[in-house]
């Protein structure tokens, strides 16, 4: 898990990051392509208002369900809205929800995991882990539907539901890592030297957590993006008219035979984004832990 | 072995119990109570009627009394009645669960039958163009959202073969061929990620085993490649594949919800989806608990098989 570090003392943090990036690009071609795709995707989402040729909710009454053309690059939907602009803004929704989920569920799960793994005596650890097992026993979509049924469909509630979905995964990784670190000699040494808990966590815990966390974040982003679309597809996620890939798929599913572009493009974008995050996650895992044959 | 099974079973029961408590408490602790939500649509409801319904549902009692009553009923298989039509929740679930289980089983079957040959092929022809493309296909298979795949299948396979799935669902006892045909496409869409995960896992575990010393010995004594892989290597690389099956259970169960609604299959998924839209809480609650129980049970079976295949696991602390 932990990478041996042979760099000379005094090398700046930034250059070591740059060097790491270069090594990543050299050893992980698929991962690098995936990273490139993700960067393009993030930029497209970020600058959607500048790139999008039309307002994503503007209805062009004289252009209902037109196939892709020079005027409407990816065609128009049943209300005459530009699919390309909607796909761009949909990326925005998708990414925003995914990042918000990581910021809440990911952080919460990690904190629980760190706490449970490092401090958790018999009791606290078992109680927390039983709670995690409970959350994990409910299949993803079912848990999402349940929360949506309780709180009603909205972007905020979607984020709450998705957070519940990712908490156990982050918890598992953080806890496993902490349990391992706790037994390391250098941690015992640090403790013997009188280091406080916070100092041990900062100097030994967090650096060791970084690599597995990056991996799980990438893989979870993929899962969250699919789940958000699935929820919106079922009509209990992002409420219309906010452009969302899941909503676009559910609108388009009624017109598959006559206007396939309404389904093919948002779904394709979703698949590409998820593929990129999965590939990146795999590449990061190989990169940090080359011993494991994948 | 018996001790191992009992230990796993008891733990499974604990988890199902916790799921039930969690679902119940979540439902009661949300702002806005169930009675008002249920009566919200009806015009001219008086406070008196609200109170009466609350008393009828036992909502005016302390939370823990309610929880106790609920658990006691749940143990006897009574989750109350649907708000919609007054039907027993247990009856509703009993009608629909077999359909979902059949769909899930078909998806797993497809995943295993397609995933194993792909994984073996990939490992045997390591780093060839075939291996590279199969690996890319597996990552893609894991990444493609199953509902998008389902949507594409239902349209394009239909156009390609001028065929469309039957409009009305028929049970396996009514019309077996129509039933299987109806479930085939969603099972395919659902099983694709299982297939891809199995292929990936089998490839890496086979590669690991193929590099071990005992395989070299088997080769040295002149066994054919077919025998090396089929008899010696496979047996030792199938354990991680089993763990994938355990991980896929939740994915498949969750996936049935969305694919059932696309393909019009009246299973558990359709039931919970409709109940969520109607805010039919007793049904939603019962469904979540049953989903949790099925998940725990299947994982238990996978774990026990796991212990049978690899005795070392039995003795490890769970």
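Every residue, even glycine, has its Cβ placed from backbone N, Cα and C.
Listed ranges B:73-98, B:99-124; the one TrEMBL annotates as transmembrane segment is B:99-124. With a cut-off of 8 Å between Cβ atoms, the residues of this chain six or more beyond the transmembrane segment (B:99-124) that come close are 130-131, 134-135, 137-138, 169, 171-172, 183-184, 186-188, 190-203, 206-207, 210, 225, 229, 234, 241, 245, 248, 252-253, 255-256, 259-260, 265-269, 294.
Of the two recorded stretches, the transmembrane segment (B:283-309) does not lie close to the transmembrane segment (B:183-202), with fewer than three CB pairs under 8 Å once pairs fewer than 6 apart in sequence are set aside.
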